[in-house]
Amino acid sequence: MITFTKVSKQYVDQTPALHGVSLKIPTGDFVSIVGQSGAGKSTLLKLLSAEEKPTQGNIVIDGWDITKIKNWQVPYLRRQIGVVFQDFKLLPKRTAFENVAFAMEVGGALPKDIRKAVPQILKLVNLLDKSDTYPNEMSGGERQRISIARALAYKPQILLADEPTGNLDALNSWDIVQLLMKINKLGTTVLLATHNDDIVNALKKRVVTLNQGKVVSDQEAGTYKL
Amino acid sequence: MIGISFARVLRNALRNFRRNVWLSIATTVIMTLTLLTISFLYAVNVLGVHVLSTIEQKVDIAVIFKDKTTPAQIQTIKKDIELRSDVESTRLITADQAREDFRRRHADDPYIEEALRELEVNPLPSSMFIIAKDPRFYETINSSLQSEKYAAFIDKVNFQNSKAVIEKMIRIMDVVKNAGLIITATFSLLVILIMFNTIRLAIYSFREEIDIMRLVGASRWYIQGPFLVESVLVAVMSVILSTSILYFSLHTMAPQINQFFFAGQNANFDIYQYFVDHWLQAIGIQFGAAVLLAVVSSYIAVRRYLR
Ligand SMILES: Nc1ncnc2c1ncn2[C@@H]1O[C@H](COP(=O)(O)OP(=O)(O)OP(=O)(O)O)[C@@H](O)[C@H]1O
Ligand SMILES: [Mg+2]
């Protein structure tokens, strides 16, 4: 369970990026977060991964109040939360396998565990045959799947996807969304920030709409409407 | 888990070193030079202290009596001198004693033994050593020994104005030490600057990777460790290099160095032997200085560019 209680976030003195946001997201939920550019979608996700800290309010993840998280605790939080971005953020000089292994190495996994787990994760994202391929030899959709595979390296409770389909065509986008659904079915809470109305409408999942930092609608099986 | 993460930090440190290998080598060279100047300073200090103490021990006046001076006359002069308020003590070596000493020292040389026996008269003179209460008094003791009063009995007064020598030594050592300190300070600053830049460049070339490390939950140690460890590796390599250079140059040059500092003082001090006996201290000083420089510069770089 993720709980936002009256959360505000103000970057340097301007209108707040988030303003009095209260949300409850039960474990295993799939939530799309929509809104115009600058509405505060990315900010909401960054607060969860502790890239930013809220100016006001409280954020609690499974009983852990991360509102005033200490710097040294952030790595532990990050290992429970997978993150995926529009620009993939893969290491170009490493193969698909190595990119996923990288995340496990950082967490101190043993080489034999890495050798065992990475193929399983690559299989989950349907890219086992691309193990030894470098990112620049892959399509955008494939790259995004590798980045999702990396996000899954720690078997996170929560997956944050910030416009993961932003750089992809419709077909590839749909592939990625299918994958996110599959991961969600396996028990991971998924938060998807997106502009893509077709996807949101087809998902028939919960939709939270932000406007100028405020939650303006929150519907189960919602649709994209601005 | 601690072990494997340390192995990875070490691996990344080595990779950092290789990424900017020429800069890393330059850092190692400058660090080695710094350690060598520090060692040089240390050696000069050790040598200086030993030279001074041998000179100080040696300060005395040696009076050589004429052959015809009788033992009674010698005793009178001895009493006379001992009464002086500036004299600490005297030591008389009669001609007979001198011969005995000489014999004993060349006991295993049959030719000398024979030569002495063949000589009817003792070729060695009686002599007397005078030690003053303070080195400053030697001048006056010397001049009174040179006076008319003793001219008939004393052949020669051996007195080297050691006070001047000592003062000159101290002055030279001060100059060397100051120059050494300035050179050390300059090199140290250079080391910090170059190392800081090496680490900064390494951080820059791995920034993408570092961002992703953060993203996937790398600990601070995992991210910063390689840069600190890299700098400590440079420090360790520099210590090994400079110690080897020090060892081999002392090994080959010790006779000349000893000769230069202790010429004609029959002091049994050997700078090479000193280094061998005090190796732990010699390496420890270098290691301390190297690690200090390394940690300071990499810590500043990491603080500044890895926040
Ligand atoms: N690091 C930052 N410093 C200052 N202001 C920021 C920062 N990040 C975001 N903002 C501002 O906060 C507001 C919300 O930004 P945010 O990135 O959360 O919007 P978004 O909904 O993700 O937009 P988009 O759809 O374009 O990605 C914007 O006005 C933005 O300019
Ligand atoms: Mg955004």
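Glycine residues also receive a Cβ, built from the backbone N, Cα and C atoms like all the rest.
Annotation source TrEMBL lists transmembrane segment at B:21-44, B:179-206, B:227-250, B:279-302. As annotated by TrEMBL, domain 'FtsX extracellular' applies to B:59-147. Residues or ranges marked as domain 'ABC3 transporter permease C-terminal' in TrEMBL: B:182-306.
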Close approaches to the transmembrane segment (B:227-250) from elsewhere in its chain (Cβ under 8 angstroms; 6 or more beyond its ends): 9-10, 13-14, 16-17, 24, 27-28, 31-32, 34-36, 39, 195, 199, 202-203, 257, 271-272, 275, 282-283, 286-287, 290-291, 293-295, 297-299, 301-302, 306
Helix, strand and coil counts within the domain 'FtsX extracellular' (B:59-147) (DSSP): 43 helix, 18 strand, 28 coil
Long-range neighbours of the transmembrane segment (B:279-302), counting only residues six or more past its ends (CB under 8 A): 31, 34-35, 38-39, 42, 188, 191-193, 195-196, 199-200, 203, 224, 227-228, 230-232, 234-236, 238-239, 242-243, 246
